[in-house]
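K.L.:
Quick paste of what TrEMBL says about this protein:
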- 208-249: repeat 'WD' (REPEAT)
- 250-291: repeat 'WD' (REPEAT)
- 292-333: repeat 'WD' (REPEAT)
- 334-375: repeat 'WD' (REPEAT)
- 417-457: repeat 'WD' (REPEAT)
Amino acid sequence: MSQREWSYSFVEDVQKHSVHTLVFRSLKRTHDMFVADNAKPVEIDDESHKVKMTIKQHTEYGPVLHMPIQREAREKGPHIVGNSYEAYPAIHGPESDYVVTGTHPYPSGPGVALTADTQIQRMPSESAAQSLALALPSSQSRLDAQRTAAGVGEIYRRPGIPEHSQPSVLSLAVMEAGGTKNSILMAKKAPTMPKPQWHPPWKLCRVISGHLGWVRCIAVEPGNQWFVTGSADRTIKIWDLSAGKLKLSLTGHISTVRGVIVSARSPYLFSCGEDKQVKCWDLEYNKVIRHYHGHLSAVYGLDLHPTIDVLVTCSRDSTARIWDVRTKASVHTLTGHTNAVATVRCQAAEPQIITGSHDTTIRLWDMVAGKTRVTLTNHKKSVRAVVLHPKQYTFASGSPDNIKQWKFPDGNFIQNLSGHNAIINTLAVNSDGVLVSGADNGTMHLWDWRTGYNFQRVHAAVQPGSLDSESGIFSCTFDQSERRLITAEADKTIKVYKEDDTATEETHPVSWKPEIIKRKRF
C-alpha cells in the first residue's frame, strides 16, 4: 500500500467516529493511565513502622528520653527504686559494683557496635562518665554527660555497699532538675506587652499670662517656690509657683530667650538666646555677672552638670560647648553634628552629655575627652527633645517620626512610642514613670514609661484672643514635687496641670489589651 493510500484510509477510519466518541476514548485512555496503581506506595508493615518510629524517637527526643524515668523515680520514692535492683545480678558478691555489657563504659561510645563477645565491665563512676564526655564531640558530650550523670544519680545502693558508688550531690541535683534541656523544649510564648501601670489623668488647673511673645522655655528652682520662663518678648520672668503671680522680670537679651536653668549649687540663673549670648544672672542682685562668648549662632539650649560647676550649651552652629562656670572658659567644643543642635542634657554618670540635633542623630559624649562615644542614627527626622529618667539609667528622645527609649551607657534601643504624629518640641518624665511629650500643634500626650502605653491626650484651648494656629507647646517640666506639670506655650501663656485626685482605676480604667509586641529593631 502506498503512502498516499494509507493516509487516505487512516483519514477515512478516523472520520467514521463522531467527535464525542473520540473525546470519550481519549478520556478513557487518560483515566486508565493515571488511575493505575503503578506508583502507589507499598503498604508499611508493622515491623518496619516500629523500626522507623524508634529511630525517629531516638533522633528527635534522645536528649530527654531519661526524663520520664526520673519523674517516675521521684513519684515512687527511693524504696521502690531500691527494689528494682533485684533484677541486676551481683557477679562479685555483695561488695562488687553492678555490671553492664558493652565495649565502652556505659553509655556506649558513638559509632561502636555491640557484639556477641563483648566483655563484662564494671559500672562506671561519675568521673569516668565525665572523662568519657570529654572525648566525645561537643554537642554529643553534653547530652551524654547529662544523661549519664542523671543515670548514675538514679542508682540507689543497698545498705553495705561502698560509699564511692553512692549518688553524688551533683547527680541528684541534675536528677531533681530533670536535666537542662527541658527549658529548651518548652514552647516559647510570643512576647506580649506587660500591663501598664495605672496613672491618674492630669487636668488643667491654672493658666498664667503675662508674656508678650511665645513662651519658649521653663525651669523650676530646686526649692520648689518659684519657676522661671523665657520668652520671644526677650524677657525672663520669675513666677510664684503656688500663687501663679509674677515676682520679677529680667531684661538683657536682645532676641528670643531659648533656654533657662536654675543652679542647685549656687544662687545663679543661666539663660541663652537667639542673640548668641549665654548669661549668668546673680539672683541676689538680679543682674548679669558673667557672659559666655563663643557660639557663632543662636544658642538653642543649655544644661548644668549636677555635680561639678560646668555649663553645657548647644547651638545652631552645629556645636555644643562645655563652659567652666566660674572662669567663663570654654573647656571643650563638641563638634560632629552636621546641623543645628537642638537639645542638650547632662548627668553625673557616663556618658555625661547627650545631644539631639536637626541632623537626625543623637550623640553621647565623653566629657573629659570632648569626643563622641556613641552616635545613634535611628531617628529619621530632627531630634528636638531629649529627657533623662530620674531613677533609671535610661533616656528618651523625641522626633516627628516617633519617641524612642534608650539604655545607657551605649545607647541600646529599648522601644518606640508611636502615635504622637507631630513635631515634638519637649519631653518630661517623673519618678512615677509618666512621660509627657509636647508638640508644635498644641497636643500633649502622656505615656507610661515602662510599657509605652499612651494613657491620656490633652489639647488645651488657646488663650482668648489668640489664633488657633498659636496652639503649640515649646517646653514642659514637672515641679520638684512631681505633682504639677508646667507647660510653656505659643499662645503666650503658661499652663499648670495637676493630677485628678478624684480619679480611680474604676472611673478611668486602663484601656489595654495584651497584644503581641511588634517592636521595630530600631
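Glycine is no exception: its Cβ is also placed from the backbone N, Cα and C atoms.
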K.L.:
For the repeat 'WD' (417-457), provide the mean pLDDT of the predicted model.
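P.N.:
So the average pLDDT across the repeat 'WD' (417-457) works out to 95.
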K.L.:
Which residues of the chain, 6 or more past the ends of the repeat 'WD' (334-375), have a CB below 8 A from one of its CBs?
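P.N.:
Contacts of the repeat 'WD' (334-375) (Cβ under 8 Å, skipping residues fewer than 6 from its ends): 297, 300-307, 310, 312-322, 381-388, 393, 395, 397, 399, 406, 408-411.
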K.L.:
I'd like the per-state residue tally for the repeat 'WD' (250-291) from DSSP, helix first, then strand, then coil.
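P.N.:
Split into helix, strand and coil, the repeat 'WD' (250-291) gives 0 helix, 24 strand, 18 coil.
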K.L.:
Please spell out the DSSP helix, strand and coil residue counts for the repeat 'WD' (334-375).
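P.N.:
Split into helix, strand and coil, the repeat 'WD' (334-375) gives 0 helix, 22 strand, 20 coil.
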